[in-house]
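A.B. asks: Heads up, here are the entries from TrEMBL:
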| type | residues | note |
| --- | --- | --- |
| TRANSMEM | B:12-31 | transmembrane segment |
| TRANSMEM | B:60-86 | transmembrane segment |
| DOMAIN | B:61-253 | domain 'ABC transmembrane type-1' |
| TRANSMEM | B:98-124 | transmembrane segment |
| TRANSMEM | B:130-154 | transmembrane segment |
| TRANSMEM | B:175-197 | transmembrane segment |
| TRANSMEM | B:232-253 | transmembrane segment |
Amino acid sequence: MTQTVFAPWEDPGEKPLIQFKNVTKRFGSFTAIDNLTQDIYEREFFALLGPSGCGKTTMMRMLAGFEEVTEGQILLAGQDMARVPPNERAVNMMFQSYALFPHLSVWENIAFGLKRKKMPKSELDARVDEMLRLTRLERFARRKPHQISGGQRQRVALARSLARAPKLLLLDEPLGALDKKLRQDTQFELMDIQEKTGTTFVIVTHDQEESMTVASRVAVMDEGQIIQVATPDKIYEEPASLYVADFIGDVNIIEGIATKSGEDGYKINWSEGKEPFQAKTPRTLSEGQKAYIAIRPEKIAVSQDKPDSALNSIKGKIVDIAYLGNMSTYHVEIPGGLTIKAQTANTRRLSRRSFTWEDEVWLSWTLTAGSVLER
Amino acid sequence: MRRFSWFNATSLTFGFVFLYLPMLLLVIYSFNSSKLVTVWAGFSTKWYGELLQNEAFLDAAWVTLRVAVISSTIATVLGTMAAYVLVRSGRFLGRTLFSGMIYAPLVMPDVITGLSLLLLFIGIGLDRGVLTIVLAHTTFAMCYVSVVVSSRLVSFDKSLEEAALDLGCTPMQSFRLVTLPIIAPAVISGWLLAFTLSLDDLVIASFTAGPSSTTLPIKIFSAVRLGVSPEINALSTIMIGIVTIGVISASLITKRSMVRQQLEEQEAIRT
């Protein structure tokens, strides 16, 4: 049985729901968004990921209509949004602070947007009840926002923004105020609701784990530009640059000089007089160019003896062990002063663990374990 | 708790005596049965009864009340609008000047405010009467309202208004349905403040009042020049009562809504 993979961005016939066309946004002399072009498709769960001040919130506020575009165009379902005020957009936003109306009950908060639509009373009641059911808030309908917990407030905010059945829902750091455990549960809840309602979600977050969990595609942003847009696994396995590799997860970066070796491989000469590391890459590098290998710690094997088969191996000394419960990260110092992080799953009990501090071990990885990056 | 200290107790007593002894005397003597203000001759409420027969005082009271209600209402509308614009609309040309100017009448001597208004009214040929007092009181009370309301608006979460817009409100609806209900306690206490200020203003009213529109403070002031009577004491006691109720309820409204919100928030954290 073949399963259709959700990937409208790969289908040239698919019409995007949102189009950013050469969008620039300036606040005085500060450029928040710099000539940005990006399509977002219907039913997508699109994550804008980046450090604070990278422009992700500005992008969202432009979609909601709270900020005007300085140059360029934003199209929603083919329509230019420049002159459309926030209250006339088929877009709703879930605010970071939730922005629940303190003087209204949970029920009235959810009904607020529907009342502006001049909906018949019976229809309105049914819609509010449906939203309460969807977010499991039936019991709290009569309470005021300050009489419920943080997690419940978050769900009220979600229900309120979904009630008007928007084409596009914007979520501004929606889980930032929740503690870790609740946040993880809520992430799955969000995905579930997104799937049930079929709404397009755009989420702004600085938490890379969160964006990887919920999103169909992740856009990594820096200084007003999108550095890379891809599915979570692509972003993780094939980062486009050092910035992305470093921002998402843990990574070892080895700098060196590239020389061609074989069909699509390169040797990276990382230290004078040492055996160069080898890696395969679809990129073409020029001879003698500066290049980097980015390897995730879990892709590096740790062993007592030199492995026979691995093409890249080096001996080092364990200087630190971070025990995380389900896995351990070894910090291994190799000749030349570089420290490489290697991660292994703790499938055996701690007492049986074979390596300890100051042990000499071999690190090894395959040709395709790391990505070769130019910058 | 801090320990009891004689120094604190003494200074507190002196402070209160200094502030309230004159008023207390006035209140006590308003219940004096003697016609002589300084001689106590037993308890009586006859001066209050007599007051009700005094047409001139009743007329003045009616003028004062009308002026206070109308001017404080207009001042509340204008002051709230001014506060909203100054707090909300970000930077615009002359914003600093405007916000400075809105506070200026607070420190301006009443005599100057009164005199300048008098000159204006004469200049534009407006006959002095209830209307001119209302205008004058609106002018200075508006600043107080604006100060009270803007201090509330500063701590008001702007994303609430954005949420209202996002949910389909026009800016006007967003103000009416979200902003106003939330800042209502501040607006009400602003109104009460404006009301009491108008009620006890003598200086500005005497500049802007006409012959047919004497307010109570003016009436009292001119009556006292002919000698203090127990009737005046009774009248003043009533005014003290009204002003006290106004000020206390203004501060209670703001304080209670704050305390209630805190309590409810704590409750939300517990559950």
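Think of each number as a place in line: the chain as shown, counted from 1.
Just so you know, glycine gets a Cβ as well, placed from its N, Cα and C.
So that I understand the layout, could you describe where these features sit and how close they are to other parts?
C.D. replies: Through the fold, the transmembrane segment (B:60-86) approaches residues 95, 98-99, 102, 130, 133-138, 141-150, 153, 175, 179, 183, 187, 190-192, 194-195, 197-199, 205, 213-219 of its own chain, all at least 6 residues removed from its boundaries and within a Cβ separation under 8 Å.
Within the same chain, residues 82, 86, 132, 135-136, 139-140, 143-144, 146-147, 201, 203-208 sit at least 6 positions outside the transmembrane segment (B:98-124) and bring their C-beta atoms closer than 8 Å to a C-beta of that stretch.
With a threshold of 8 Å between CB atoms, the same-chain residues lying at least 6 positions outside the transmembrane segment (B:130-154) that come near it are 63, 66-68, 70-72, 74-76, 78-80, 82-84, 86-88, 102-106, 108, 110, 113-114, 117, 121, 183, 185-187, 189-191, 193-194, 197-198, 201, 204-205, 207-210, 213, 215.
Nonlocal intrachain contacts for the transmembrane segment (B:232-253), taken as residues 6+ away from its ends with a CB within less than 8 angstroms of a stretch CB, comprise 23, 26-27, 29-30, 32, 37, 47-48, 50-51, 57, 185, 188-189, 192-193, 195-196, 199-200, 216, 220, 223-224.
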A.B. asks: Mind checking which residues of the chain, 6+ beyond the ends of the transmembrane segment (B:12-31), have their Cβ under 8 Å from one of its Cβ atoms?
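C.D. replies: Sequence-distant neighbours of the transmembrane segment (B:12-31): 37-38, 40, 43-45, 47-48, 230, 233-234, 236-237, 240.
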